[in-house]
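K.L.:
One structure is given below, represented as structure tokens, and several questions about it will come after.
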Amino acid sequence: MWSGKFSISLLLSFILFSLFHAQAFAIRKSYIVYLGSHAHGEGVTDADLDQVTKIHHEFLESYVGSAEKAKEAIIHSYTWHINGFAATLEEEEAADIAKHPDVVSVFLNKGRKLHTTHSWDFMDLIQQNGVVSSNSLFKKARYGEDSIVANLDTGVWPESPSFRDEGIGPIPSRWKGTCQKDNTGFRCNRKLIGARYFNKGYIAHMRPKAKFNSALNTARDYEGHGSHTLSTVGGNFVAGANVFGLGNGTAEGGSPKSRVATYKVCWPPVDGNECFDADIMAAFDMAIHDGVDILSLSLGGTASDYFDDGLAIGAFHAIMKGITVVCSAGNSGPTSGTVSNVAPWILTVGASTLDREFDTVVQLHNGQHFKGASLSKAMPEDKLYPMISAAEAKMTNESEENATLCMQGTIDPEKTRGKILVCLRGVTARVEKSRVALEAGAAGMVLCNDKLSGDELIADPHLLPASQITYEAGVAVFSYLNSTKNPLGYIHPPVTKLQVKPAPVMASFSSRGPNTVTPEILKPDVTAPGVNIIAAYSEGVSPTDMNFDKRRIPFITMSGTSMSCPHVAGVAGLLKTLHPDWSPAVIRSAIMTTARTRDNTGRPILDGNGVKATPFAYGSGHIRPNRAMDPGLVYDLTTNDYLNFLCVLGYNHTQIEMFSAASHHCPDIVNILDFNYPTITIPRLYGSVSLRRRVKNVGAAGTYTASLRVPAGLSISVKPKVLKFKKIGEEKRFKLRVEVTRPGVAMAFGGLTWSDGKHQVRSTIVVGGLYCERKQNSKRVDVLQVKMKRARETEEEEEEENQVECLENNKKNAKKRDVCGVNFMKEEEKDEGCSELALGVFDFPWLKDGVTSKSEDHLFGFQDNFSSFLEQEDASFKADSVESSMAHIPEAKLEDVACQPFENNVLELEAEDVDCIWSSLLNDPL
């Protein structure tokens with residue numbers, strides 16, 4: 001055994017060694033150093049670009065100590081339009097660089113995920129008999145002829161029939177791109193005019209976890225996602241396209257006669273991410289240089305600050321050059337606040353169904369039938385098969401929970417062989433569950449939706465006869481399995497069904513608002529078909545993306561906002577062809593203000609669980625391409641508008657000027673609610689607010705009249721109510737006033753429509769923007785026995801009790817909630833304020849019509865304020881001078897109470913007390 005003295009000596013030696021060599025072991029990560037915009041002007045040369053790279057190296061050299069270290073550290077040097085570089089740095093180096101006055105921001109090279117035919121008929125671009133109407137946007141825009149559309153994705157399978165160039169003329173002379181060489185025989189043509197790949201950011205993040213395969217230095221798609229999305233944007237006409245004989249028809253993209261290009265930025269997943277910001281920004285920089293018109297990005301990550309978001313930065317540089325950028329909203333629904341790609345210069349797309357299904361009926365021996373979805377093959381024999389739940393078929397040592405989900409290694413083949421295995425959706429991929437069933441010897445699989453997935457059905461190319469059924473159907477199937485000793489069933493082969501109603505229905509997976517970065521901007525912007533979409537696929541991978549699956553097919557169905565995004569990008573390509581002078585903001589406005597919020601039955605669009613969907617799911621609604629080509633009026637935005645928007649968010653003058661490479665002065669007064677977005681969102685409304693918009697005429701001269709859809713609890717007015725336009729390009733301004741008339745609704749949705757009798761220019765209005773989540777482990781609160789205290793100033797965490805004076809106004813009409821001024825008064829002045837009885841109650845809108853003590857109004861959504869209030873107060877406070885019985889809500893959670901109707905007697909108050917409470921509430925709520 002070592003002596004204590006020797007052990008201490010050894011420990012001290014180790015500490016000294018660690019201190020002296022800390023630098024050698026410091027963790028290095030890849031960062032992006034963003035320096036703003038270049039101002040090259042016309043005629044930039046290779047020497048100019050080389051000089052930019054040299055400047056970047058010299059800049060970094062001053063921080064890392066030598067030119068050799070700087071050269072080794074730099075991953076990408078952005079030289080065309082985006083100014084900056086990506087490099088592997090230590091955290092301390094990155095922090096030091098961020099302090100330099102010429103640096104806009106420094107942020108980690110974050111990873112992002114992919115958001116993974118008949119749809120054009122569904123959107124009325126093609127009639128049901130396959131004929132294209134002369135009034136269709138397809139015809140009017142010459143199928144997007146010679147517009148250049150591109151994606152940032154997993155690359156492309158160039159041999160796909162969707163990218164053949166028969167009947168396509170010479171490549172437009174304005175194209176500056178290239179077809180990057182590789183060793184796979186990749187070739188471009190007059191249809192697929194460009195292909196590049198970017199992987200240095202990916203490699204930098206991956207090291208030393210795995211060795212990158214140099215054979216994948218190619219724009220060729222070995223995943224299938226990029227081929228699918230690019231063909232949806234701009235694939236050529238392909239007759240007879242189908243998936244295993246289903247959905248047979250002509251496949252085409254949104255701009256079928258456009259030229260397409262791909263920028264490969266997504267690679268095999270590492271740490272759950274496939275696409276990295278360093279590569280995304282490099283691709284943006286090159287795409288802008290190459291001359292694309294439309295960029296489609298079916299990828300994203302968690303929404304973040306705009307100057308720390310490589311995709312948002314790249315998109316801004318693109319729109320400054322007139323390039324429309326369309327992005328997917330994400331697949332993290334139906335949870336609120338999950339929408340990604342939320343920058344206001346991006347057109348963000350949610351996903352919904354179309355009126356086509358691939359029905360696979362599940363038949364039970366008791367006579368019940370349940371409609372499901374699948375692209376699988378038929379069962380071997382036309383007979384009833386034994387059925388077994390996955391929990392019953394579990395391996396002895398496996399948990400019932402994991403087995404129910406049919407996770408790998410949980411199912412016992414001895415119990416399963418020859419039977420239909422019933423699995424629950426969730427955790428693992430849907431087709432992965434069919435693999436588990438196949439390997440266990442099952443004859444088929446029934447995949448039951450969990451409650452979160454509701455009625456959402458996705459047709460997958462399962463490895464054995466299978467059917468995915470709804471949550472309610474799944475409950476019935478499990479009930480049947482538990483009711484008999486010998487359950488029997490059959491899975492009918494899939495059939496294609498058209499003109500399904502209702503459609504569209506919002507996909508449960510589609511990410512939802514509100515926008516967590518800038519709540520005043522409603523996201524997503526629109527929805528489009530994103531469920532069971534047939535498009536091109538890579539023949540370098542199986543339809544299940546599993547190595548043991550040897551099948552290869554040219555077309556496949558995929559679902560996700562990844563699929564809805566290129567639908568909108570394709571329409572944007574058509575609009576750009578038809579209206580080459582339209583800005584990205586005008587194109588977005590035209591698509592948004594002409595969208596619809598009703599399905600093919602004439603009823604409001606539903607969510608995946610069967611309830612009415614909201615603008616947080618679909619934005620302005622489902623796109624209508626034929627309406628978008630002639631919107632009448634548009635909400636345009638200039639670069640200055642975007643820069644003023646950034647001013648409001650608190651970015652400093654230097655950052656903004658470097659961002660735009662131009663002089664810009666932030667206005668002294670600017671209201672974010674006046675930002676000229678096609679939708680109107682007021683996250684919180686206390687009392688009233690006024691905001692302004694301007695509209696531009698892009699049609700014939702005409703007179704537009706405003707109409708309003710006003711939700712309960714609000715009063716909305718517009719001035720002027722009539723706008724007269726004499727010519728194209730003329731702009732008019734209007735003012736909208738929104739006022740609370742009946743507090744108690746957490747969120748309210750309305751609309752403003754300008755119409756000249758032909759055009760309907762519709763803007764969604766969202767007021768409230770609060771969403772309630774029921775949090776676990778909240779402490780018990782007796783909500784009506786808490787004495788109301790005055791709001792406290794907490795900026796410097798100094799508690800100072802304030803007194804509120806309510807000005808008595810309009811006492812004759814006690815029903816009118818008086819918006820009186822609020823002042824924080826000195827102690828001796830408080831006797832002029834609310835009575836002691838009023839001070840003894842909480843700020844809930846208990847009082848019906850402002851007078852009585854019985855109310856069924858929903859309580860105001862002030863949970864955030866309640867929480868901060870209770871942190872400062874003793875929960876044991878009782879109301880003073882209260883003789884009336886007060887309702888007690890055991891185990892009440894503040895978050896719950898703010899969203900539930902209140903039906904109990906509370907407290908009788910005088911009308912003056914009512915006015916005083918409401919005035920405090922509306923002017924300066926807790």
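Even glycines carry a Cβ here, placed using N, Cα and C.
Below are the features I grabbed from TrEMBL:
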type	residues	note
SIGNAL	1-26	signal peptide
DOMAIN	30-115	domain 'Inhibitor I9'
DOMAIN	145-608	domain 'Peptidase S8/S53'
ACT_SITE	ASP153	active site, charge relay system
ACT_SITE	HIS225	active site, charge relay system
DOMAIN	405-476	domain 'PA'
ACT_SITE	SER562	active site, charge relay system
DOMAIN	674-767	domain 'Subtilisin-like protease fibronectin type-III'
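Surface or core, plus neighbours and distances: that's what I need for these features.
P.N.:
Mean pLDDT across the domain 'Inhibitor I9' (30-115) comes to 91 in this model.
Taking a C-beta cut-off of under 8 Å and a sequence gap of six or more, ASP153 (active site, charge relay system) has these contacts in its own chain: LEU114, ASP221, HIS225, GLY226, THR229, LEU230, THR262, TYR263, LYS264, VAL265, CYS266, LEU297, SER298, LEU299.
As a summary of secondary structure, the domain 'PA' (405-476) carries 20 helix, 17 strand, 35 coil according to DSSP.
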K.L.:
Can you tell which of the active-site residues (HIS225, SER562) has the fewest other C-beta atoms within 10 angstroms of its C-beta?
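P.N.:
Result for the active-site residues HIS225, SER562: minimum number of other Cβ atoms within 10 Å at HIS225.
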K.L.:
Just give the helix, strand and coil counts over the domain 'Inhibitor I9' (30-115), going by DSSP.
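P.N.:
Helix, strand and coil residues of the domain 'Inhibitor I9' (30-115) number 34 helix, 30 strand, 22 coil.
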